[in-house]
Structures are given as C-alpha cells and as structure tokens.
C-alpha cells in the first residue's frame, strides 16, 4: 500500500513538471537517485533504469533482485547509433578513407615498426626476389615488392582492388579468383600474354612457394597482436592481407598513399589503416564476450591437455599446472556468469531464480568438492582445512575487499557516492544472521568442549604457578564422542537445513512482500525513427549449452588444481591457510570484482555492494550447507568447526560492514580501510 501511494505521489509531481519520458539530452544508462523535488517526495526515492529493449530491461531489473547474479555486460546487441565514437572506431572496418588526419608517427605505429614492420617488409622482399627468379611468377614478385614497402609503414596508405577492362582480358583462356587479365602500366612476362597456360603456371608457383610463407607470417602477426589486445588493428590488417590481398590477381592490386586517393577511386579500397594501437580495445567484444575472456579461452584447452596427458610431470611441473588451472577458472567463471545472465533475462522469474540458485555457486563448489574428495581418498585433513580457509577468505573478501575496492575506485571519479541504505541494511542483517548460524557449532564446541594439550611446562617452578602448553585442541570425542555425536553433529545438521530455508525467506521478503524497498522502475527509450529490437548474443539454448560445457570444464580444472596443490604445500613455505584465504578465495571471484568496479565507475555503488553481499550470503546459506549435506552421502574430513581466527575475522568483517553502510553514502576515504 505504501509503495502504491509513493507511486501516486511521484506521478503527481512528475505530471506538474512534465512527463519524464526519454529525451535526447538525458544521459543513457542506469541512473540512481531521487525524482524531481526530493523534499516533496523524499520517502519514495526510486531507481530509474533505461533499457533499449525488453530483454535488457529484464536483465537490469534482475541486477536488483536478491539471489540473482549482478551482471554489467549487455546480453543483447546495442544499437549502433547509440554507441560512442570511441567504441564505433573499435569496430570500424579497415576500408574507410578519412583523408589526412594529422601525423601518422605515433607511439603505437612506431611499436608496430619495431615488432612487426621491419621483418614483414624484409620477408616480402625475399619472397619477391624468389618469385622474380621463377620468371613465370614475376607479377606476383612485383606485388610482393610493393607490399614490402606497404607493410614497413602501412599508415597513411591504401590498398585498392582495381577492375581490369574486359577488352584487356581478351585472349585469356580461363579466369578465376587468381587468374585475371593484365593491366597497362605494370610489367609482366611476355609468356603471360595471349595464353592462360603460363599464367596458371605462375599462379601455381606463387601458391606453392610464396603464399604459404607469407600467410604463415601474417598468421603469426595476427595471433600475437590479437593477444596483445591494444594492437588488434594490426591483427585485422594481417588477417585481411592473408585472406584477400595475397589471393587477388597481382595486376588488380594497387598500393597508393592516402593523398592520392582523395579523389574518386578507380577501384574498391580493401585495406586502409591509420593506427596500429588503441588503448580502448579493452572494451572490444566478440559476440557479446569481452576480448579478455576470448583470449583466455585457449588457455583452458592447454590446461586440460597438459594436465591429463602429462600426468607424470614430464613436460611441466605441478606448480605450472596449478597456476594454469587457476587462470583457466577466470574465463570459465565469466562464461558461466554470462550464460546465467542471458538465461535469466530471457526467462521468467521462477526459471531465473532456479538457474541462479543452481549454478550461481558452481565455480566455488566444484573446487571445494574436488578438494574434499581428494582428501578423503588420501586420508588427509589438509584439504578440508584448505576448503575452510577458502570459505573464510571468500566471506571476508566479499564483505570487505570488493565493496572497499569499488568505493576507492568509484570515489576517484565521483566525490561522494550514495546508495540505498535500507536495501543494504536488509542484506547486512541477513548476512549477519547467516554468519552467526555458520559459526554456531564452533562457538558451542568451544564452550562445552574439553581442552587437551600435548605438552605443558611449569614456567614458575611453583605447583600453583603458570603453565606453558603446546599443541592444544578441543577434544569433542571424550566419552566415546558423546558431546560431538549427541550435541554438535545434530546442531550442524540443523543449521545446514535452516540456512537454505532462511535463503528462501530472504527471497520471499525482498522479491515479493517487501519489494518496494528496492523500488526499481524500468522504462524503455524509443527515439523517433529508431526501432530497437532485441538481438540477443546468446539464445536460451545456446546459453544453456555453454553453461553446461563451462561447468564441465570448471570441474576438470578444479580437479587439476586440487591434484597439484599438495606438492606446492609440501615443497614450499606457503601455508595451506594463505593459499586458501587469498588465491583460492579471490581468483574465482575476479569477474564479479570487475563487474563491481564497472558499476562503481557509473556511480551505481548499490550494485557494487550487493555483489559482495550476494556472494557472501550464498557462501553461508547455500555453499556451506551443500558441503555439509555432501558429507552425509560421501564421508569426508570436513566438519563445520572453524578455528578462532576464522570466527573472529568473519565476525569483525560483518560488524565493520554494517557500520560502514549505516548512513547510505561513502567516499574513497571510507573504502580505503576496507
């Protein structure tokens, strides 16, 4: 009832000011803040989101729902006219002539000359000499000679495909993509005139001797420059050269400077490059996937092949395999997040909730279960301690590190950032209760457990003095384990059942009965003359297939990581707690950290905070109960009993988070201690 009254009151104010539709001068993208005249409508401040289509609107609204993965990237193709000029330049084809636009001597172009230009030019010159020696391949040699000068410094030059008049093609027996008529002004051997036989011989010599070498070199340049990301224009240049320029008839290719082509051209421009590097290519995407995730995908294949084919470490060490497995988890986490966001945006609320609850924690659970299985096979409690350390590290990192990092980075751009303190308070209260439930068995055991020490020394030489004891621990198995089996274990199972039930209650509270706390309004933007139809990057079935394949690869990488973690702990001074709290806890969450930073830079700190809270709540209310229930069906060394350091660190993190988010505003100074 209160939400409807707020809507009525705000609509009355907006009607006096004019309908707040979509205006050309209004900045696009999610904007958070109170409506006009906040003093008159302070109690019903709402977040207004602008979306291009219904699918994107559904994804944006899912970002504010409890239990749904917060995703920044678009799941649909953005309209071309709405993109910035910087982004448009990233996707432009290398066939557009712009005329003289300043000097071509830039740092990126000089870097191209030092890395690729000099040896590409030298290689084309050598191939040209070899083709001249064959006589029949002399036209291709002349083309390679022209391309040698082009690839030494391709900036400010253009490659054109000119059409040969049909009158000049008379006498040619055959024609194909590589067999074309001669063009006046370029020397060719006399044997090429009047017959197609020697032309075919020259083409065969080119395809056998010259083209494979140049295609291989351009392929190497293409792969290297693509992996460097900022030099993607060089990758496009090399790919087009190998796939089109080198396969054209030599008499139809012309290399000219830009100032010579400012008049109407004689033929089609097939290659024209101005800059070899662009620092904004970190925004580049392929079918909706960020270029970093695309470049890291081959690493997953290398990791799996090296891990399972070289099981005896003949080609690499355990340290390398462990590092590769962890690095492979990052792109797989990105693919899983993208697939979940795509399915949720194109499905109903029920389907989205099920997918997020099922696959939202699959990245962490695959590693935890793999580690527990290996520890059970080897009879070692070390892996269970690693899992506990990773759980604590994830909890502390998501509660303090992710929001603190987002506050600092977002505070550099925005002097003060505001967020919905009430919604953050709901998440904080739920997190506080879940943390208390997780550590309840530990606190109970410390109160009623029996302290047993391995060795004690009297440091005062007095029977009533002080004793120094070593190797002390709580013994819960006293009297045949009566305390553990009669009190602690039933408490663990009870908590493991109540925490998921509390998660469902939180879903009902924030999404159904008290949804007005979030008060999200999504409105479409339809400019005159523009029609924004939803073109999804991944359909539901494609996203489901990618989700299942990524989950399968994730389990394989987790198995490799747990397989090769034991030699690292044995042969180095790194403790199992340090690896669990830092590396294993934060590496799977890197895509979420990037999403939080992007939201903070857009002055949307609410979602940055919710990202950390959502992961922490899922750790306490879903992941830990699943691990406990897993041990019921497959006995392992995992028990829901943590050390003092884990308990104190987690409790302190939650209390500090509640104190920081109390006033609903922050700056980079408040985020620095976190």
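Using the three backbone atoms N, Cα and C, a Cβ is placed for every residue, glycine included.
If you check TrEMBL, you get these features:
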type	residues	note
DOMAIN	107-157	domain 'Inner membrane component'
TRANSMEM	110-133	transmembrane segment
TRANSMEM	209-235	transmembrane segment
TRANSMEM	289-308	transmembrane segment
TRANSMEM	320-337	transmembrane segment
DOMAIN	320-439	domain 'Sodium/calcium exchanger membrane region'
TRANSMEM	349-369	transmembrane segment
TRANSMEM	389-412	transmembrane segment
TRANSMEM	424-444	transmembrane segment
TRANSMEM	491-511	transmembrane segment
TRANSMEM	543-562	transmembrane segment
DOMAIN	543-671	domain 'Sodium/calcium exchanger membrane region'
TRANSMEM	574-594	transmembrane segment
TRANSMEM	615-634	transmembrane segment
TRANSMEM	640-661	transmembrane segment
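Counting Cβ pairs closer than 8 Å and at least 6 residues apart in sequence, the transmembrane segment (640-661) and the transmembrane segment (424-444) reach three or more and so form a contact. Secondary structure of the domain 'Sodium/calcium exchanger membrane region' (543-671) per DSSP (helix as H, G, I; strand as E, B; remaining residues coil): 104 helix, 2 strand, 23 coil. The recorded stretches the transmembrane segment (491-511) and the transmembrane segment (289-308) do not share 3+ CB pairs below 8 A when only pairs 6 or more apart in sequence are counted, and are therefore not in contact.
Contacts between the transmembrane segment (349-369) and the transmembrane segment (110-133): absent, as fewer than 3 C-beta pairs lie under 8 angstroms at sequence separation of six or more. Beyond the ends of the transmembrane segment (110-133), by six or more residues, the same chain brings 140-145, 147-149, 151-154, 205-206, 209-210, 213-214, 217-218, 221, 224-225, 231, 234, 276-277 to within a C-beta distance below 8 angstroms of the stretch. When Cβ distances are compared across the two stretches, the transmembrane segment (289-308) makes contact with the transmembrane segment (543-562), since 3 or more pairs at least 6 residues apart fall below 8 angstroms. Non-local neighbours of the transmembrane segment (209-235) in the same chain are 90, 94, 108, 111-112, 115-116, 120, 123-124, 127, 130-131, 134, 137, 140-141, 144, 241-242, 246-247, 273, 275-279, 281-282, 284, 291-292, 295; each lies 6+ residues outside the stretch with a CB under 8 Å from one of its CB atoms. Listed by sequence, the residues of this chain that lie at least six past the ends of the transmembrane segment (574-594) yet keep a Cβ under 8 A from its Cβ atoms are 70, 72, 326, 329-330, 333-334, 337, 363-364, 367, 382, 385-394, 396-398, 401-402, 405, 561, 565, 568, 611, 615. When Cβ distances are compared across the two stretches, the transmembrane segment (320-337) makes contact with the transmembrane segment (543-562), since 3 or more pairs at least 6 residues apart fall below 8 angstroms.
Sorting each residue of the domain 'Sodium/calcium exchanger membrane region' (320-439) by its DSSP state yields 104 helix, 2 strand, 14 coil.
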